Amino acid sequence: MELVTFRDVAIEFSPEEWKCLDPAQQNLYRDVMLENYRNLVSLGFVISNPDLVTCLEQIKEPCNLKIHETAAKPPAICSPFSQDLSPVQGIEDSFHKLILKRYEKCGHENLQLRKGCKRVNECKVQKGVNNGVYQCLSTTQSKIFQCNTCVKVFSKFSNSNKHKIRHTGEKPFKCTECGRSFYMSHLTQHTGIHAGEKPYKCEKCGKAFNRSTSLSKHKRIHTGEKPYTCEECGKAFRRSTVLNEHKKIHTGEKPYKCEECGKAFTRSTTLNEHKKIHTGEKPYKCKECGKAFRWSTSLNEHKNIHTGEKPYKCKECGKAFRQSRSLNEHKNIHTGEKPYTCEKCGKAFNQSSSLIIHRSIHSEQKLYKCEECGKAFTWSSSLNKHKRIHTGEKPYTCEECGKAFYRSSHLAKHKRIHTGEKPYTCEECGKAFNQSSTLILHKRIHSGQKPYKCEECGKAFTRSTTLNEHKKIHTGEKPYKCEECGKAFIWSASLNEHKNIHTGEKPYKCKECGKAFNQSSGLIIHRSIHSEQKLYKCEECGKAFTRSTALNEHKKIHSGEKPYKCKECGKAYNLSSTLTKHKRIHTGEKPFTCEECGKAFNWSSSLTKHKIIHTGEKSYKCEECGKAFNRPSTLTVHKRIHTGKEHS
């Protein structure tokens, strides 16, 4: 089979026709001739006379190939075409069919082509149509090399050849610096990474890149342009690669599989990040505190803790977050969306952290054990936080008041005290709270729900903490002891209020009259003086009370119930406070001391009466004769003089 020659792919122009061409068309003639020459040489074909190249480069008229070739053949303008530049018959047929097809579309029916020119007259182009022919030819010759695999076309054979390598997966060009393999164009760009060279700079923000394509993609951040749209859901993206990855969500395709655990991913980058879980690799280290992270994004978001920056802001309520995922989860509060579903029971949550906590209900496995106290946890993070109780470490400090906390979440909640922020609102009554847990407990007032029941007496409570405190009544446990006088209490709150007796502090102040008290209960009782509203009425006798607790205590009088029993003598009482006072008879405890004379009493009421001796105050007056007394009992005895009753 005959091989391709330089003349086999030629369209001819006569000297007369040549004169009709303008300079731009003549330049095109030269470029096409040179391109064809180079393509044939790159395939190993030999052109006999090297002077041909000089002729083509300096061309001012159609090149006379008689001078440059052994066979006397007329001048020609060449337009390259080849699948692989195979033997002459295939190339001639394909080339001429393509040229004719392209030219016919342009309306040049009179153009005639031949397979291998022998005379000038064999290839004729009508005068006056040369300009159109050249326009067609310039389009044709610019996309002439076609890939067999993907039908992509190229203007240069060398580009076509490079492109074909992509289908084989072969990357023949190796980086001498790191040994990685690339395609030629990619290698050039890659070497810039080692050199630190970033010649492409963004005019908007000044950020520099080592690739022009990277700069082009970056610019879309400023313009907001998202040219790549998903046909499935209409979502738009800045980059085609991101769109391709996104499409896998719809197809369910997960081509990247972890060899360690078999988990599959839609992206290779996600797989690479996942592998760090198995290797334990944490390459991204915080310069501020030394903490290491698996992912660069985690490090960047962690840095916000040190800077205090909260770049992610909710458009709905204005709340700002350090992490983008925290903002995304927060948005679910506004939308009501609960995307995190428990696989075991189907319960849904609006935050992933809530789901993680919930899962521990189903799984009793607690792998992480505290060496200090033996307490076990389902998560290592929980163990690390727990350890701070033993070490006393409180890394999260409030900038407002200096108070420190074990956990960042506790600090976040604490800050609301200073800001006054109450983001959790009750839909029932409109009352707002600064903690979600407080809102949940509040809702039980409306629902009447009391899920925490005492096994001892059957009493139910809205809070687990209240139940735990209540249990101490049955056990007699008093873990909170006063260092000043040794008195012990069931509740820490009671101890704190008791301390006010020793310090003389009276933090509970009445807004109506300004009177202050050292105990909150004293203020609550006092308030009833100003308010005559008694909402809680006894159905038995009609007596009304300002507090529900007072009504409940009162009801025991009618029922005869005496649940508070003295272990010492067996005597029972309807009030826990009465039992407490009674116990002092057995213990001999006299916690109430007169500051004037040092005398001690077992009841506060006895101390109050005693103080009248020192003050001389006589607040109990006889309505009959006006005589005054310092004790009500003395007044009662005195009244018998007027009634005529004898003193018994």
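Glycine too: its Cβ is placed from the backbone N, Cα and C atoms.
Swiss-Prot has this to say about the protein:
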- 4-75: domain 'KRAB' (DOMAIN)
- 145-167: zinc finger (ZN_FING)
- 173-194: zinc finger (ZN_FING)
- 200-222: zinc finger (ZN_FING)
- 228-250: zinc finger (ZN_FING)
- 256-278: zinc finger (ZN_FING)
- 284-306: zinc finger (ZN_FING)
- 340-362: zinc finger (ZN_FING)
- 396-418: zinc finger (ZN_FING)
- 424-446: zinc finger (ZN_FING)
- 508-530: zinc finger (ZN_FING)
- 564-586: zinc finger (ZN_FING)
- 592-614: zinc finger (ZN_FING)
Counts of helix, strand and coil residues, the zinc finger (564-586), according to DSSP:
11 helix, 4 strand, 8 coil
Give the nonlocal contacts of the zinc finger (256-278) in its own chain as ranges (CB under 8 Å, at least six residues past its ends).
245, 248-249, 294-295
With a Cβ cut-off under 8 Å, give me the same-chain residues at least six positions beyond the ends of the zinc finger (284-306) that come close to it.
273, 276-277, 322-324, 408
Cβ-Cβ under 8 Å with the zinc finger (564-586): same-chain residues at least 6 beyond its ends:
473, 476, 553, 556-557, 602-603
State the mean pLDDT for the zinc finger (396-418).
86
In the same chain, who gets a Cβ under 8 Å from the zinc finger (228-250) while lying at least 6 residues past its ends?
217, 220-221, 266-267
In the zinc finger (228-250), how many residues does DSSP call helix, how many strand, and how many coil?
11 helix, 4 strand, 8 coil
